[in-house]
């Protein structure tokens, strides 16, 4: 479903004399099969968001090859958009001044979703994410938890095969977080939606992800199950400590 | 693309209907500010019978036709010059994940009634000028052609300005010099400017084809700069070439897009 083959992305920063090249992502390769639930971990600035942006076609890679749902994201951006769902935890993709209901209706038109399918899907998501209470509220007036549920709904109305989430639980309270996790778990289990999520919350990883990938300084440093991840640092017991060790050491020897 | 534009424009109009008072004020304000432009021209003619060889009605015609092109183009596409703002705040990323042209989404973003004020003013001026001039149909047919070509030319300049902002995220004003500068430049007969500038806006950035060259045909005037007669009919060609260049630049800009952190 997702194939990343020796992908690199560099940025030139600074002006004239101070110009340097930053390698945000280097020689990155991994494959995600249909129906997988993958957590993508890494410290701030490791290259997580850059990877997500390349997978969704926002950024073009400087080297290597990417295929998502059979398409090259940067070249086939709009075609890919119909097949994937994207959620940015840090910013909304909804229309700020529009009521949630209108945003969804607009998405139905933009994604050319059949009216009957749309109705059924929206009813399902409204039930699961408990949206009924604020359907007519403009997005700018929603709480963070409500907005996030709206964003996730918006990303799923066209029934994408792949859902990419960049920090979907950031800033959410415990209850909202638990609800969001349960929703994502069911989405993956019931619909077989392939999910890739980045997070700093290791609870997300423990509760949801059968597979974990770790990126540091733009390179993939670990790819395996949660148990494998624990086994890399046997002397630490909590997953928090394991990951903290991996971040500070910078490399993993399997 | 047209369907997406209309869909989004309608949605924004409905959203903006929440603040009707603000909308009316902005539309009227925009109309009034632009009406002052016309007053300035009228004041000039109070002191002199002609402006660089053109009478009042003729200047009004050149002003109104360029103004109409610019206003319609600004109404439909002018928002593209806010690109650097959208890049900085990260909202441009959210446009790129939608199955629709990023250019269309940028152009129509926050579409509102206030965008109509300038159009109405330019149309009124053009209407007055035409009623004074009494042009024969053998020359008047050029007017709709020149307005449409003008829209395409200004839209291309807006797109080029947007494309430039992919490189110069910190300096959107550079692009404004060409977009709004071009809009203002074409309001007067080009003969008030120097020959070098006129050659520049004829052969480099083809603003002379918005109203000047086809306008000379409509008004049946000699070209004060002695450029070939055939240029009067070259507006569609100039518009097409500029549109192709702009489309290419915009695509190149998206390929080079760097997004922001996080």
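Yeah, the Cβs are placed from backbone N, Cα and C, and that goes for glycine too.
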Range annotated as transmembrane segment in TrEMBL, from B:52-72, B:73-93: B:52-72
Recorded stretch that, among B:27-45, B:52-72, B:190-209, B:229-250, has the most CB pairs under 8 Å to the transmembrane segment (B:141-169): B:229-250
Close approaches to the transmembrane segment (B:27-45) from elsewhere in its chain (Cβ under 8 angstroms; 6 or more beyond its ends): 51, 56, 59-60, 63, 67, 113-114, 116-118, 120-122, 125, 187
